[in-house]
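Trainee: Once you've had a glance at the structure underneath, I'll fire off some questions.
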Amino acid sequence: MKKPSELTDSPFTMKSSVDVLEIVTCILLILVSFVGNLCLFYSTRKCMTGCPETSFLLIFSLIFVHLIKNLVVNVMKIVYSSGCTLDSAGCKVLRFTAALTTSLAIWFMLHFALLYHQKLYQTLHPLSETPNPDHQKRSLKVVSALWVTGVAVYLPVLLYTRKSEYLNAGNDTDPLSANRIHTDCLTDFGNKQVEFYYEDVFLVLIDILPLATLVFVCFWMSFLLSERKKMTYGDIWIGDDDSEIETLRGAKFSILLMWLITPLWISHFILVYFLKGLAVCVFFPAVLTALSSGFSALSPFLLMLVNYRIKLVSFCDAKEKKPTPQPANVILSPYA
């Protein structure tokens with residue numbers, strides 16, 4: 001039989017375990033994300049001279065979003081789990097930053113997939129007319145518009161929400177709920193209709209619709225890749241150049257990244273909206289943190305593999321190679 005002191009201390013020990021588990025999860029995600037995004041930045045920055053502005057802006061935007069997600073959101077979670085409380089402004093900044101970085105990651109990944117879908121489609125079905133030279137400027141405007149749209153969409157969270165006062169009104173004696181940022185640092189508009197149409201409908205749609213589009217585009221790319229695999233040119237295999245290899249890798253890794261970001265977002269959504277009863281579990285805060293920040297920590301390593309050993313031809317103008325002289329006794333293929 002346990003002593004009264006042990007019975008009294010056990011809830012606080014459990015609360016401490018919750019905080020320690022979330023702090024450890026945040027630290028691991030921060031370290032992995034920092035190393036991965038730093039390597040991605042360095043590998044992309046190496047060939048900045050003469051590179052298309054659009055590709056750099058897209059990659060650097062993804063890096064910036066990933067670092068904000070882990071270095072700002074997760075650092076605030078560590079501070080909170082360490083015992084420091086956040087006021088209304090801190091809770092609003094936390095929610096704004098977390099939601100904005102999640103949406104921007106989805107939008108930028110959709111833009112990334114669309115770029116490689118276009119390249120892959122043009123590889124299989126070349127256009128008779130010359131490509132539009134202004135596509136880089138158009139894509140640059142898209143990336144900039146995504147940033148502006150994201151900030152504008154979530155700006156009401158900063159301006160019009162306030163920290164919820166009633167959520168923990170009856171839980172002051174419950175040590176398990178006294179220091180949980182996922183339940184104690186919620187914000188609301190003070191109007192149920194606004195919360196329903198803006199939070200439960202609008203903010204969900206601006207994530208789920210691009211995510212559904214991303215899934216569709218990636219399945220289309222899967223079809224194009226299978227179509228390319230079946231294609232022959234007069235029963236003669238034509239080797240791929242660096243640009244085509246990069247396009248194929250970009251399409252394949254876009255599909256892989258889609259399979260990473262989609263289950264993470266869906267799992268986080270289900271836990272937050274439909275399985276709130278699991279909030280009493282010790283691992284719940286750490287699981288939510290891993291689901292919300294896992295993509296920003298792991299995706300940089302996959303993005304680096306797109307251009308592995310082909311000198312980042314996606315983001316740099318490859319130097320023209322001198323043609324290799326052909327032996328006199330070799331008959332050139334008419335398909336070359």
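Heads up, the Cβ atoms here are built off N, Cα and C, so glycines get one too.
As annotated in TrEMBL:
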DOMAIN    36-303  domain 'G-protein coupled receptors family 1 profile'
TRANSMEM  20-42  transmembrane segment
TRANSMEM  54-73  transmembrane segment
TRANSMEM  93-116  transmembrane segment
TRANSMEM  142-161  transmembrane segment
TRANSMEM  201-225  transmembrane segment
TRANSMEM  255-276  transmembrane segment
TRANSMEM  282-305  transmembrane segment
Trainee: Would you say the transmembrane segment (54-73) and the transmembrane segment (142-161) are in contact under the rule of three or more C-beta pairs closer than 8 Å, pairs 6 or more apart in sequence?
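Mentor: Judged by the Cβ rule, the two regions touch, with the required three close pairs present.
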Trainee: Tell me if the transmembrane segment (54-73) touches the transmembrane segment (282-305). I count contact as 3 or more CB pairs below 8 A, with pairs 6 or more residues apart.
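Mentor: Yes, the transmembrane segment (282-305) contacts the transmembrane segment (54-73).
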Trainee: Below 8 angstroms Cβ to Cβ, which residues of this chain, lying six or more residues outside the transmembrane segment (54-73), approach it?
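Mentor: Distant Cβ neighbours of the transmembrane segment (54-73) are 29-30, 33-34, 36-37, 40-41, 44, 48, 94, 97-98, 101-102, 104-105, 108-109, 111-112, 115, 136-137, 139-140, 143-144, 146-147, 292-293, 296-297, 299-300, 303, 314-315.
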